[in-house]
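Participant: Annotations per Swiss-Prot:
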BINDING   23, 80, 120, 454  (6S)-5-formyl-5,6,7,8-tetrahydrofolate binding site
DOMAIN    216-377  domain 'TrmE-type G'
BINDING   226, 245, 247, 250  K(+) binding site
BINDING   226-231, 245-251, 270-273, 335-338, 358-360  GTP binding site
BINDING   230, 251  Mg(2+) binding site
């Protein structure tokens, strides 16, 4: 498909609504206006007009908005038709537009892609549009808007500019080795490099917060039957999300709840009790439980405090601990403190966190909530923060690695050429975030995840 085509798509969600919007972008948007409206509306003014079929009969009437390029969202001529939100009406209007030569349905994200290709947005800003639409909390929405307005891009561009100046300095030292001053060893380049590394570390810390805000944390509740896993899910969710009975093995399948802790998304997963399965259905449920455990960010190892006094997970259930993925964080949750009389709270046991609570009464659950937030390093004071995706974190990590390699080359052998190459690679990694250096394949993957009309 060519970027020279004129594209059209519904910009409002499918289904019935008060208003339905069709968006057209491209060279033939002007022809669409003249064919459907009978005239070209005044630029950037709302014009109330009938939307006409090919034979001149009215299909609908509504607001027409005309944005001649390059002063539009996509940088091209853009026409928006805002009519009534009935699916039949919108479908009739869409079919009418597609009878005109040179028009086609837009691919998902193609409007935003054209805005990027026409330098109306950089790649991080374009991604922020999708993140703003998908935001699941007020804090995520505010951070996505900050990214859309360029907060993240400005931080990245500042780093790129600093690296450009540093590269110029290093290249000068390489090209003029006979100067009286040895630029590589006089400490100035090292000081500048340390400054860039410190700035990059600060951006990475904020990006990790932004990624948490966007991606959330996947927490799996696991343990033996009747340990109180479903009761804990209900306590964290604040509602009766799971059936709770005294019958062991009540939960047969995976249950999922999406909550927020001070703005941080938390994906809680309740699983079937782990034991030797009594039938095929239970076996499948236990198998799914292990699949979820292997993909978790953290496991809450639920222990019935009335059955054991042990607190070390390796002592409580060594076979379970041995099967867990290496380096998977575990929080031991000793439940039923209302029965055992244990002191509520959190402590450390052999490198693992231990929380004592009562899922039935809710006592101690707030301690667990705070622990989950702190274990991910989530900061609730993110004024001016931005959202970040995993690819952003990877690019920032790659840039940091190249800068550390460059520093080693500088301090170890005063190797200017190798330092210059590491600086170039770091700059290239950062440029992938904003799209200044990005493969077509990556662009395709990013924009294909967008809504059709965006």
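Cβ coordinates come from backbone N, Cα and C, glycine included.
Values in this document were obtained by computation on a predicted structure and should not be read as measured data.
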Participant: Among the binding-site residues 229, 358, point out the residue whose Cβ has the most other Cβ atoms within 10 Å, with all shown protein chains included in the count.
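Facilitator: For the binding-site residues 229, 358, the Cβ with the most other Cβ atoms within 10 Å is 229.
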Participant: Of all the binding-site residues here, 226, 230, which one's CB has the most other CB atoms within 10 A?
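Facilitator: It comes out as 230.
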Participant: Would you mind reading off the Cα separation of residue 230 (Mg(2+) binding site) from residue 23 ((6S)-5-formyl-5,6,7,8-tetrahydrofolate binding site), to the nearest angstrom?
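Facilitator: Cα-Cα, rounded: 47 Å.
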Participant: Name the residues of the same chain, 6+ apart in sequence, whose Cβ is under 8 Å from the Cβ of residue 336 (GTP binding site)?
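Facilitator: Same-chain residues close to residue 336 (GTP binding site) (Cβ under 8 Å, separated by 6 or more) are 228, 304, 305, 306, 358, 359, 360.
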Participant: What number of additional C-beta atoms lies within 10 angstroms of the C-beta atom of residue 23 ((6S)-5-formyl-5,6,7,8-tetrahydrofolate binding site)?
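Facilitator: Counting Cβ neighbours of residue 23 ((6S)-5-formyl-5,6,7,8-tetrahydrofolate binding site) within 10 Å gives 24.
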Participant: So what's the mean pLDDT when you look at the domain 'TrmE-type G' (216-377)?
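Facilitator: Mean pLDDT, the domain 'TrmE-type G' (216-377): 86.
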Participant: Across all the protein chains here, work out how many other Cβ atoms are within 10 Å of the Cβ of residue 120 ((6S)-5-formyl-5,6,7,8-tetrahydrofolate binding site).
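Facilitator: Summing over all protein chains shown, residue 120 ((6S)-5-formyl-5,6,7,8-tetrahydrofolate binding site) has 19 other Cβ atoms within 10 Å.
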Participant: Out of 80, 272, which of the binding-site residues is least crowded by other Cβ atoms within 10 Å?
Facilitator: 80
Participant: Could you measure between residue 23 ((6S)-5-formyl-5,6,7,8-tetrahydrofolate binding site) and residue 229 (GTP binding site) for me? Cα positions, answer in whole angstrom.
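Facilitator: Between the alpha carbons of residue 23 ((6S)-5-formyl-5,6,7,8-tetrahydrofolate binding site) and residue 229 (GTP binding site) there are 49 Å.
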Participant: Using Cα coordinates, what distance in whole Å links residue 80 ((6S)-5-formyl-5,6,7,8-tetrahydrofolate binding site) and residue 272 (GTP binding site)?
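Facilitator: Residue 272 (GTP binding site) has its Cα 51 Å from the Cα of residue 80 ((6S)-5-formyl-5,6,7,8-tetrahydrofolate binding site).
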